[in-house]
Amino acid sequence: MQFSKMHGLGNDFVVVDAVTQNVYFPEEVIKKLADRHRGIGFDQMLIVEPPYDPELDFHYRIFNADGSEVAQCGNGARCFARFVTLKGLTDKKDIAVSTTNGKMILTVQDDGMIRVNMGEPVWEPAKIPFIANKFEKNYILRTDIQTVLCGAVSMGNPHCTLVVDDVETANVTELGPLLENHERFPERVNVGFMQVINPNHIKLRVYERGAGETQACGSGACAAAAIGIMQGLLENKVQVDLPGGSLWIEWQGEGHPLYMTGDATHVYDGVIKL
């Protein structure tokens, strides 16, 4: 199997072309490949498939290191666009892809950065999914070690984001897994810890569902910015500083799609026997 190793701000991926090669990945194979000591090592595996819809260019599948399939990965989307361009699978600047729960437009800009139309944030609790009687700007979540206030949203995958005074000292290691597996999130959740620097600038750490804390989480950056804008803490354009680097998020509010802009890096190509 031929593959490429890529990263978006340190959030690392193995990307596989399933357009020109036949591949099949049972959960156990994904876990073995994800092992950083005995396999290749990655946060997520991205599969480029032929489009299911003739009006689209590709189908985009994402698997976590634990073998679970997820519907969205923002950093992965940028790497997906870089990969299909580098490999000559398309020469389009605007690339239309489907995911397991929607469609996305990936734009390769003239400056090399990649802008992703992430669609509209979804606030309705049942669609996140999140157990709540009605939408609220903040929800109270109780854990064994701490009770927190957080916003909840879906960016194609479930996110909760809480505001902290200092991301460096935030209790991500303990609180992250407790919130990820909280009973009110039936499909688990990605957990963001957000420090507001000013209305156009935040710092963020993300404990990802099925992957733990990563260097960067694109959909997590989108979720944090959307929640901050919705809560009146942030303006429409936000720089998000993650441990691995920065992303730029733009959202004009309800009824508008949210855009994420950032880099995507090709590290190396390889071949591995399955």
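Just so you know, glycine gets a Cβ as well, placed from its N, Cα and C.
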Of N11, N117, residue recorded by Swiss-Prot at the substrate site of Q44, N64, G74, N75, N157, N190, E208, R209, G218, S219: N11
Any further residue of that chain within 8 Å (Cβ to the Cβ centroid of N11, Q44, N64, G74, N75, N157, N190, E208, R209, G218, S219) of the recorded substrate site: D43, I62, V70, Q72, C73, G76, V206, A211, T214, C217, G220
Candidates C73, C217, Y268 (recorded positions) - the one closest to N11 (substrate binding site) by CA: C217
Which same-chain residues, if any, lie at least 6 apart from Y268 (site 'Important for dimerization') yet have Cβ under 8 Å of it: S4, K5
Residue among binding-site residues N11, N64, N75, N190, S219 with least C-beta crowding, 10 angstrom cut-off: N64
S219 (substrate binding site) to C73 (active site, proton donor) - Cα separation in whole Å: 6
Those recorded positions, out of N190, R209, C217, that come within 10 angstroms of C73 (active site, proton donor) at the Cα: C217
